[in-house]
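Novice: Quick one: structure below, then a few questions.
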Amino acid sequence: MRILQLPALRDNYIYLLHDPETATAAVVDPTVAEPVLDKLAELGAELVAIFNTHHHHDHVGGNLQLLARYPRAVVYGSQADRGRIPGQTVELQAGETVAFAGRQAKVLFVPGHTRGHVAYYFPESGDLFCGDTLFAGGCGRLFEGTPEQMLGSLDQLRQLPEATRVWCAHEYTLNNLKFALTVDGDNPDLQARYQQVVALRQAGSPTVPSTIGEERRTNPFLRWDQPALRAATGAQDPVRVFARLRGMKDQF
């Protein structure tokens, strides 16, 4: 399974999963249809699945146009997003699996950013498509969920193997790390990562994917149990630490 990263709009990433052996493809969170259609034509591949992480328009905006061209494609999304994902044909629950290219992806229920957010984790290849729950160096805003829900979702992702590649849906890394330095500035891993990200962005290169290990070492939203983050927030309870961090980031 090849993973092709397609930039869209200002800072979105669409992910096209390609199986050369069967000339089929699946897409994760098609912001818009055009770059997906162009790449499918270039590859000579048929779209067989759309994996949506949540209902926001910049993640489902291309669904219907893709279905017009590939009407047999199956559209996956959370059961909690029923009626909110265009063209949805399969309603997923936590613990279910979906398949592509002979590989099984676990459906992880990760509410917080939205009430129905899911992530798709391919354990065999070590790839996580987490939408707007976990970002490189950050996490999604809480539009529909609670701090308790988001903390539980991030803790679930934090426990995945360190080598897991994190394919998040936005290029927010540089700003996320600028904020991280204000609350965890003495962290040498964070300092080094910031310099690497600055160089990547100056070169016009993506900073995604990262890894779970890298996020555990440098992402403040996965480090709520570290003394530096407790000190920065003036809290000890994990939910309070997280909630205060999220509030600080919202104002950053």
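For all residues, glycine too, the Cβ spot is worked out from N, Cα and C.
Computed from a predicted structure; not experimentally measured.
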Novice: With H54, H56, H113 listed by Swiss-Prot as binding Zn(2+) 1, identify the candidate in D38, D127, D132 belonging to that site.
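Specialist: Looking through D38, D127, D132, the residue Swiss-Prot assigns to the Zn(2+) 1 site is D132.
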Novice: Under DSSP, is D132 (Zn(2+) 1 binding site) helix, strand or coil?
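Specialist: Once the DSSP labels are grouped into three classes, D132 (Zn(2+) 1 binding site) ends up as coil.
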Novice: Given the binding-site residues H54, H56, H113, which lie close to H170 (Zn(2+) 2 binding site), meaning Cα to Cα within 10 A?
Specialist: none
Novice: List, in sequence order, the same-chain residues at least six positions removed whose CB sits under 8 Å from that of H59 (Zn(2+) 2 binding site)?
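Specialist: Counting only residues 6 or more apart in sequence, the Cβ neighbours of H59 (Zn(2+) 2 binding site) under 8 Å are N12, D29, P30, T31, N52, T53, G131, D132, A169.
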Novice: Neighbourhood of the Zn(2+) 2 site (D58, H59, D132, H170): other residues with Cβ within 8 Å of the Cβ centroid, in order?
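Specialist: Surrounding the site, in chain order, are N12, D29, T31, T53, H54, H56, G131, A169.
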Novice: Given the binding-site residues D58, D132, which one's Cβ is surrounded by the fewest other Cβ atoms within 10 Å?
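Specialist: If we count Cβ atoms within 10 Å for the binding-site residues D58, D132, the smallest count is at D58.
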Novice: Using the structure shown, find which entry in H54, H56, H113, H170 (the binding-site residues) has the sparsest Cβ neighbourhood within 10 Å.
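Specialist: Among the binding-site residues H54, H56, H113, H170, the lowest count of other Cβ atoms within 10 Å belongs to H170.
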